[in-house]
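What TrEMBL says about this one:
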DISULFID  Cys101-Cys141  disulfide bond
DISULFID  Cys106-Cys111  disulfide bond
DISULFID  Cys119-Cys133  disulfide bond
DOMAIN    1-99  domain 'NTR'
Amino acid sequence: VILANVTGNRLPVNDQNNLFRYKIKLIKVLKGTNYAKQIQYVYTDSSSCGITLDQGRYVLSGHRFKDGIEVGMCDLVKQWDLLSLTEHENFKQTYKMGCDCTISTCSGSPCCPQSKNECVWETNSPDSLGYACLRDSDGICSWYWPSSKVDEDTMCI
């Protein structure tokens, strides 16, 4: 997960006619490996799962691809300036505490974790960015609002 400034317009990639890229300037690696520090481009395709970016700051997650990341509609793509103050704080501080937890995506319901190291992000939930996936005192990764735990047990029965 990175915070990046999109500095370039959408340009086609020469070797693939359905692939486009945006030039970015990496501001900060929020979660990831050393590879994330080398990201120069955001790639997306022209299918219905592709995205369009305007110039400006974004929080992005995606899959490693060439000299950047490939993103689509199922990935985290949010304009920084449209996030709430709580979401800003979570990205800057709180989410780091959950670096040993993994987040998987789900667009159906119910969306239940498959292991104690996983939180499931429901991509169709408009409020999902206000929560943080953190390990609790029992060693289980769970969604937390800044001051309370979300009761996933009632959602996944």
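Just so it is clear, glycine is given a Cβ too, placed from its N, Cα and C backbone atoms.
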Average model confidence [pLDDT] within the domain 'NTR' (1-99):
86
Work out, from DSSP, the number of helix, strand and coil residues along the domain 'NTR' (1-99).
21 helix, 41 strand, 37 coil
Could you tell me which of these disulfide-bonded residues, Cys106, Cys111, Cys133, has the fewest other Cβ atoms within 10 Å of its Cβ?
Cys106
Around Cys119 (disulfide bond), which residues of its chain at least 6 apart sit with Cβ under 8 Å of its Cβ?
Gly98, Cys101, Thr102, Ile103, Ser104, Pro113, Cys133, Cys141, Ser142, Trp143
